[in-house]
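Colleague: According to Swiss-Prot, the protein has these features:
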- 1-32: region 'Disordered' (REGION)
- 121-168: region 'Disordered' (REGION)
- 131-143: compositional bias 'Basic and acidic residues' (COMPBIAS)
- 157-168: compositional bias 'Basic and acidic residues' (COMPBIAS)
- 204-211: motif 'Nuclear localization signal' (MOTIF)
- 214-257: zinc finger (ZN_FING)
- 461-853: domain 'G-alpha' (DOMAIN)
- 464-477: region 'G1 motif' (REGION)
- 469-477, 624-632, 741-744: GTP binding site (BINDING)
- 523-545: region 'Disordered' (REGION)
- 624-632: region 'G2 motif' (REGION)
- 665-674: region 'G3 motif' (REGION)
- 737-744: region 'G4 motif' (REGION)
- 818-823: region 'G5 motif' (REGION)
Amino acid sequence: MAAVIRKLLPFPSPNPKRDNRESDDDDETSSGYRIEYSFASEYKGPLIANVPRALPVEVDQIPTALPVSFSSLRSGISYPVAPLVMTKDTKRPPDSGIEKKNGFVDSAAGSSVVLIGRDVVSGSSSSSSSKRLDVPEEVKSPADFRLSPSSPLSASAREEDHLDDDRVSDVGPRAVRFVEPFQSSECDESSYVSDGESIAATHRAERKGKRGSCYRCQLGNRFTEKEVCIVCDAKYCFNCVRRAMGAMPEGRKCQACIGYRIDESKRASLGKCSRMLKRHLTDSELRQVMNAEITCKANQLPSRLIIVNDKPLSEDELYTLQTCPNPPKKLKPGHYWYDKVAGYWGKIGEKPSQIISPNNSIGGYISEKVSNGDTEIYINGREITKPELTMLKWAGVQCEGKPHFWVDSDGSYREEGQKHPIGNIWSKKRAKIACAVFSLPVPPASSAVEPYDVPLYEQKMLNKLLLIGSEKGGATTIYKQARSLYNVSFSLEDRERIKFIIQTNLYTYLAMVLEAHERFEKEMSNDQSSGNVGDETSAKPGNSINPRLKHFSDWVLKEKEDGNLKIFPPSSRENAQTVADLWRVPAIQATYKRLRDTLPRNAVYFLERILEISRSEYDPSDMDILQAEGLSSMEGLSCVDFSFPSTSQEESLESDYQHDTDMKYQLIRLNPRSLGENWKLLEMFEDADLVIFCVSLTDYAENIEDGEGNIVNKMLATKQLFENMVTHPSLANKRFLLVLTKFDLLEEKIEEVPLRTCEWFEDFNPLISQNQTSRHNPPMAQRAFHYIGYKFKRLYDSILEPVNMRGRSFKPKLFVCQVSLESDTVDNALRYAREILKWHVEETSMFQEMSTTSIEASSSS
């Protein structure tokens, strides 16, 4: 009957009832409330909690961590461990409700502990992070107590906020909860991992094979050459290093170690390649790998491991320290002290080891005992050591009375509280001698403290272009054009030397005209004596030159025979008027007009301006410098640094195909005559990225005298020079660009002298179309250019043997282009050299990818 009545009641109310811990009732009566339900009502009461029970624990079922190997512990890494904090409960007596059953404590008497899942191990821990974890004040349903088997546990815990007296007594006991990762939203991982330092801990690699074997293929022994990973210390043989390390985007690291911090014991070897890598990689690849190993972020020294004046550095402070004009040498993790005023730098408890750049805003304030001094004499608030005191005495500094000195970065010192300096420590040579005796630092040289234009890690690579060629082969013209094109002007001293060379050449050209004039006079006198009548030009009377000009003309011819025309430019102020008067003589003008077509082009250029150039105030223009001969003999070696300006055509390309406008190039002009015996000095240019060899297209029609006094064709002599360059050991495996110069002169020369004049080109027999207007009928000069380039390519292929790399062989290529006197052609040739360098890098990378892919495919099959 009671059950029927209860079903008819629409809104029953809950009847709270005290929880009886010793009762054995069913689940409904064991809860904190006795609740009656209606069919249409929704339960809105408090949460339901199970009665906590102390169940027997199976020890074998307890999850335990694997034992930690001491070899896997990395130096400089500390792991966050938070102690277990018990709940404060001032209302509960010590023995209230605590019972032991079967040796285990009832969970009702324990504290609530929240275990938070983590999967990141940081190199630093925070003591405050354990206080940020909150335990829910309300106990959720039993479904929330289920722990996922894959949920990771953490050792972080915090104290639960205690409840008020009534709630503690009414709600019941607290329970142990395991919070899954999605429930730990209030856990702030930033307290454990600082920005940029979430580097996972790594273990040292374990060798599976015998001692000394490769970690990948388990072959080899202790004497086998191997490459070592700078993170896990794994060692790989020559055949496995590329498979294990891949493209090495962060240097010599295993592919699994990319992104991890390096072993600090290997920091000194960063950027120092091994002999294996030199054989394994090309020069450009090796530079890229070593540069990435030094500059990548993962390999940088952690700032928190550098402690200066009892304060760990931040990333900005470490950047300031490493990029200052004179940074500390071989910086390693440790405690240092730094005198910001004088620049003294040293380890805590030791004397100064270096003088770095002063006034760097890094670290804390220096203390008195940082260098462990015991002299009671202070410099900038630091008690100095005995070796420093001895150095001060040698420098003549009065140290009686335990003074306190204030020393500036330049070495000037004064007593504290005084305005005027007493003297300068480094002005005395005895001070530097004392520093050498007692191993104390001295100020850096002036060149060492000059500020860098850009930080070291931001400096671009410098591509070196070696420019070489035969005498008058056009290499000097290309060098001068490059300076003019890329706005690298000559210095005042160089312009004075160029002016001297141009004026000396001018007297050489004038002597050529005077010699022709004397020869024409003799011919005219012979014709007159034989009764023949000459033309109007030759009928000029021989006494048309007055005695003063005749004497000057004979003087010029005599000095030309003696090879001493260099005496005229210094006296240009006195001789300028005489040269002008001599040049205005009608007989000399008639001789010049008759001789003009046979003179060299640059001689005609300067003789047309003889009145201007012969003056003492003459200043050579860019075109004068370009037309001048003999500048290659001005110095055996000259170089110019430049960068290519961006063109509108390049700017229209996508960013992936654009060149870096900040990339620097160095054009080195080398005269072969300055290389010494057996070209020993050529070893200085082993780091050249590209060799530009210049050949004049008109050399086939000229003859020169070789070292033995024999007359040989100049093109054959250039061919021999090219062979010697290509086969020289210092230029092995270098890319060559053949630049055929003087193409504009070839168009004139080939009409007068056929190309088959040179015996090397005797098989030149181009097909000539009958239709001269056809676009498929190129000019003879263009045909000759392609033929000469083809001959040099055949010669290049016959000299060099195939190069073997990673099991494949390939033939090096000879690149060819043409230039003339126009500046555009020189600019195109140098930009072509830039493209060759880029192609070489991309081609090598693609070749490596293909090689690695084929090897991996064969190994997997």
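Even glycines carry a Cβ here, placed using N, Cα and C.
What's the neighbourhood like for each of these?
Modeller: Broken down with DSSP, the motif 'Nuclear localization signal' (204-211) shows 0 helix, 0 strand, 8 coil.
Beyond its flanks by at least six residues, the region 'G1 motif' (464-477) meets 626, 629, 631-632, 665-670, 672-673, 685, 687-696, 699, 704, 714, 717-718, 721, 725, 739, 741-742, 819, 821, 826, 830, 833 of its own chain at Cβ-Cβ distances under 8 Å.
DSSP gives GLY630 (GTP binding site) a coil state; it is part of no helix or strand.
Helix, strand and coil counts from DSSP across the region 'G3 motif' (665-674) read 3 helix, 6 strand, 1 coil.
Same-chain residues lying 6+ beyond the ends of the region 'G4 motif' (737-744) with a Cβ under 8 Å from its Cβ atoms: 469, 473-475, 477-478, 690-698, 781, 785, 788-789, 792, 814-822, 825, 829, 832-833, 836.
Sequence-distant neighbours of the region 'G5 motif' (818-823) (same chain, 6+ residues past either end, Cβ-Cβ under 8 Å): 474, 477-478, 481, 484-485, 626, 697, 739-745, 785, 829.
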Colleague: Who are the long-range neighbours of the region 'G2 motif' (624-632) in its own chain, taking Cβ under 8 Å and residues 6 or more past its ends?
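Modeller: Hits for the region 'G2 motif' (624-632): 471-472, 475-477, 480-481, 484, 490, 498, 501-502, 504-505, 602, 605-606, 613, 669, 671, 821.
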Colleague: Report, as numbers and ranges, every residue of the chain located at least six residues beyond the motif 'Nuclear localization signal' (204-211) whose Cβ falls under 8 Å of a Cβ in that stretch; write 'none' if there are none.
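Modeller: Distant Cβ neighbours of the motif 'Nuclear localization signal' (204-211) are 71-72, 218-219, 221-222, 229, 232-235, 254.
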Colleague: Please work out the mean pLDDT for the residues of the region 'G5 motif' (818-823).
Modeller: 87
Colleague: I'd like to know which of these binding-site residues, GLN627, THR741, is least surrounded, judged by other CB atoms within 10 A.
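Modeller: Fewest other Cβ atoms within 10 Å, among the binding-site residues GLN627, THR741, is found for GLN627.
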Colleague: For ASP744 (GTP binding site), which of the three DSSP-derived states applies: helix, strand, or coil?
Modeller: helix
Colleague: Which residues of the chain, 6 or more past the ends of the region 'G3 motif' (665-674), have a CB below 8 A from one of its CBs?
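Modeller: For the region 'G3 motif' (665-674), the nonlocal Cβ contacts are 462-471, 475-476, 479, 482, 632-633, 636-644, 681, 685, 688, 721, 830, 834.
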Colleague: Out of these binding-site residues, GLY469, GLY630, which one has the fewest other C-beta atoms within 10 Å of its own C-beta?
Modeller: GLY630
Colleague: In sequence order, which residues at least six apart in the same chain have a CB under 8 Å from the CB of LYS472 (GTP binding site)?
Modeller: GLU629, SER696
Colleague: Within 10 Å of the Cβ of ASP744 (GTP binding site), how many other Cβ atoms can you find? Include all protein chains, please.
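Modeller: By my count, 18.
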